[in-house]
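TrEMBL lists 76-122, 200-277 with the feature domain 'Thioesterase'.
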Amino acid sequence: MPPPPPVNPQRLSPAESRERTLYFFHGLGVDVPLPVSAERPDAYTSLVRAIVSSAAVTSSRVSCTLTVSPAVANQYNTLHGGAVAAVAEAVGMACARAAAGDKEMFLGELSTAYLAAARLNEEMADGEPGHKLSPADSRAVTLAFFRALGADARLPASADQPDAYSALVRAILSSVAVSASPTPRISCTITVSHAVTNTYNTLHGGAVAAVAEAVGMACARAAAGDREMFLGELSIAYLAAARCDSEVDVEAQILRKGRSVVVTTIDFRLKDTKKLCYTSRATFYIMPVASL
């Protein structure tokens, strides 16, 4: 595999962004022909079944063992994220059928938290298909990635001020409107400036999460009042990209409200096309009042 392109700590131009994106896909092997085994019907499902063993089923619990083989490893020699999701779907469906019987059902939502990496039991030899990186190459690519993020760059003076991150989030929000009836609803507009874009000149994923938390909290407080609460869970689906200098309409509303929990949903739509680009769900837990 060729060495990664030179890292430029400055913001990339659109042409450089396209070049980096194409390099990323080439690294995944988009130009490599599929092996013969992958042309067979049901090849992906067969691959998932092949890495699962020692399955045990009770009335409400399914357990099994996953063997991390080179067939399901990524270029960092760890279990591929897609394989994790595929196994979660298969085992989750088996557990659901064990509880509900052989009734027709479909997967409506699947969320996965990647907390640590599961590595290969053995290293792949040089020259094998897939162009797996050696551990040394993996470290070099990872370090290059962090340098591209500006890990060695010094923070600007404005970032050393107290509450700088919250001030940055507030600065990109405008046209805030609050509706209290029939259910609380918060709407505002994000201006995608250079301060909150990534190297591909699109809205940074972390900025999406920060806005979702802030607007979701405002919506929860509109429903529950000025009670002490905290964010318990935040899930985000990144469906499309919002480019620099574009405007995004944000709307938050109450999905569910209870005595101790408020669930909000936050939608991000491009202002000019109304296309849904991000959607988020935030769960806030209300702190109980201490009784003396």
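Including glycine, each Cβ sits where the backbone N, Cα and C put it.
Whatever TrEMBL says is automated annotation, not expert-curated.
In terms of DSSP helix, strand and coil, the domain 'Thioesterase' (200-277) has 20 helix, 36 strand, 22 coil. DSSP labels the residues of the domain 'Thioesterase' (76-122) in these numbers: 20 helix, 3 strand, 24 coil.
A mean pLDDT of 93 is what the model gives for the domain 'Thioesterase' (200-277).
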